[in-house]
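**Q** Take this structure, written in structure tokens, and hold onto it; I'll ask about it next.
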Amino acid sequence: MFSRALKPVASVAVQNGAKFSTTSQKNFKVVVAGAAGGIGQPLALLLKQNSLVTRLALYDIAPVTPGVAVDLSHMDTPAQVTGHKGPEQLAAAVECADLVVIPAGVPRKPGMTRDDLFNTNASIVRDIADCVAKNAPKAIMAIITNPVNSMVPIASEVLKKAGVYDPAKVLGVTTLDVVRAAAFIGEINCVDPTTVKIPVIGGHSGVTIIPVLSQSCPAVNLTDQGKIEALTKRIQEAGTEVVKAKAGGGSATLSMAYAGARLACAVLRGLKGDSDAVECAYVKSDLTEATYFANPVQFGPNGVEKNLGYGELNDYEKELLKAAIPELLKNIKTGENFANK
């Protein structure tokens, strides 16, 4: 998927219309905060191959972080890699960044919900957001750290306090839900999953994940409502499927890194000026009662350029949305309360 010619000068891979590597018309600095972890290392690997990335700063508290940077620096792609270890080096990592991707935090283990991760991960995202506010206030923040539904409000509140908040530049990475939905539909339809276009809206946990199967292109080869509901449930609980399969050895890391790289690429293509840089993301929103909501957005030179909404839902999807809103409201309030305590 990410193979390239010996000289990485042109587009080499497309997924659902989104290019992972494009001709370098502009150069960008990307930071991976949490770069030594299970998501961070493969995410950094994929970003090192993106020709829009000319500077790749890897940050983590883990002692191995400088070694990860050296390892990646031996790849024959143009991006210059730097490693930054510990809180005292975070500012140097973040300084002058165009995009800060945040997979930092503890992973989910069997029996844990995303909410169980909150106490540990909330302070991590808060501190990174504070550093971004001081050292790269115009950077776009793409938050992978769970629970995403609460982490995005935390980052937003921190930036508000610092007087540098721009709702177009703070987003939660929900791309993995889209990737999973396309993969599962590809299996059902016996088609290449890269040809499947499917919006997944709402949030990034349990009932807040709403795959809009009625808008799938091609249409899902399911007519039985029970099977449609089963597929919806599988998409909603796909993270748990991975956690159980790894038997205590971690959560979704490789697929999350892939999804994070895809979202990062869309953001960078938008910054470059491409007019078709569209992905689902969890952003500040007035489309529902929830003040943050995930749906397709178009990226541009200043981040989220246009919220594309979620279109028409069928009766079943309307019920899913109705069930999701109270949970989203609770998650958002939890994040805001943490940031403002």
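Each Cβ is built from the backbone N, Cα and C atoms, and glycine gets one as well.
Remember, it's a predicted structure, so these values are computed and weren't measured experimentally.
Among the features that TrEMBL reports, active site, proton acceptor is placed at H204. Sequence annotations record features per position, and here TrEMBL assigns NAD(+) binding site to G34, A35, A36, G37, G38, I39, G40, D60, N121, I144, T145, N146, M256. What TrEMBL lists as substrate binding site is R108, R114, N146, R180. According to TrEMBL, the feature domain 'Lactate/malate dehydrogenase N-terminal' maps to 29-172. The domain 'Lactate/malate dehydrogenase C-terminal' annotation in TrEMBL covers 174-338.
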**Q** Average the per-residue pLDDT over the domain 'Lactate/malate dehydrogenase C-terminal' (174-338) and send me the rounded value.
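**A** Its mean pLDDT is 97.
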**Q** Determine how many residues of the domain 'Lactate/malate dehydrogenase N-terminal' (29-172) DSSP places in helix, in strand and in coil.
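**A** Breakdown, helix to coil: 66 helix, 30 strand, 48 coil.
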**Q** Can you give me the same-chain residues 6 or more apart in sequence from G38 (NAD(+) binding site) with a CB-CB distance under 8 Å?
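**A** Same-chain residues close to G38 (NAD(+) binding site) (Cβ under 8 Å, separated by 6 or more) are P107, G250, S251, T253.
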**Q** Measuring Cα to Cα, how many Å separate N121 (NAD(+) binding site) from N146 (substrate binding site)?
**A** 7
**Q** Greatest CA-CA distance (Å) over the residues G34, A35, A36, G37, G38, I39, G40, D60, N121, I144, T145, N146, M256 that the record ties to NAD(+)?
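**A** Between the most distant Cα atoms of the NAD(+) site, 18 Å.
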**Q** R180, H204: which of these recorded positions has the sparsest Cβ neighbourhood within 10 Å?
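**A** It is R180 that, of the recorded positions R180, H204, has the fewest other Cβ atoms within 10 Å.
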**Q** Sorry to bug you, but what's the C-alpha spacing from N146 (substrate binding site) to M256 (NAD(+) binding site), rounded to the closest Å?
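**A** One finds 12 Å between the Cα atoms of these residues.
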**Q** Within its own chain, what residues at least 6 apart in sequence put their Cβ under 8 Å from the Cβ of G34 (NAD(+) binding site), listed in sequence order?
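**A** In sequence order, the residues whose Cβ lies under 8 Å from that of G34 (NAD(+) binding site) (at least 6 apart) are G40, Y59, D60, I102, P103, A104, G105, I124, I144, T145.
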**Q** Going by Cα-Cα distance, pick out whichever of the binding-site residues A36, N146, R180 is nearest to H204 (active site, proton acceptor).
**A** N146
